[in-house]
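Structure, as structure tokens:
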Amino acid sequence: MTNLKSKALDFTQNFVIALDGPAASGKGTIGFMLAEKFSLKYVQSSIVYRQLAFNCIKEKIDITDINKVISLSKEINITDKFDLEDENIGGVASQIAVIAEVRDNLNKHLVKLINTTPRILMEGRDIGTIVAPNADFKIFITANPEVRAERRYKQLQAKGKACILDEILQQIILRDKRDKEREVAPLLPALDALIIDTSKLSPLSVVEQIMQFILKE
């Protein structure tokens, strides 16, 4: 039995999975399903960025005032829960994520959580490269922008939120550009990550593919 397979199946062992990918690539659904399969705590790192964005909007903080944003990033409570799926919040989160000091402050919360949680799957954009470079297993999920926009459109419609497909597509393209081109922790797969394009795959088929890789002898 491989060491990876042993850690995955023995729930008494520490096991850390880093799952990265762009917006609406399907990593959330896939991550949740994988976490259930291997008895892992499932954490979306984006929650701290979206929560900071929510706080900036709520407190009417101009996100170009970097010092105020940095100061606010020190006070994030990772246990707070809000409905943060709004695309405007996601856009603000992507903008403040380029600030090095903000990423440092928020990543400290995430690293602490990983270090104090024996079995965890953390999903985000730089988990395998920055937050948890020593994770036991790294996955990078992607899909073409049109497919991702359609997925997000359906998600928002299901929640009864008004949305326009083309606007969502343009927001995703803009966020991709910002995430990939930022100087601090740009969006890219770790060198040792398993890369999967989900454009034509169901979440279940992706999970099965990942499980086959983890559980192979």
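Numbering starts at 1 and runs along the chain as displayed.
Placement of Cβ uses the backbone N, Cα and C atoms for every residue, glycine included.
Spatially close to SER25 (ATP binding site) yet at least six residues away along the chain are ILE141, THR142, ALA143, ARG148, THR198, judged by Cβ distances under 8 angstroms. The annotation ATP binding site is assigned in Swiss-Prot to GLY21, PRO22, ALA23, ALA24, SER25, GLY26, LYS27, GLY28, THR29.
In this view, THR29 (ATP binding site) is surrounded by 18 other Cβ atoms within 10 Å of its Cβ, with every protein chain counted. Neighbour list (LYS27 (ATP binding site), Cβ cut-off 8 Å, at least 6 residues apart, same chain): LEU19, ASP20, GLY21, GLU123, ILE141.
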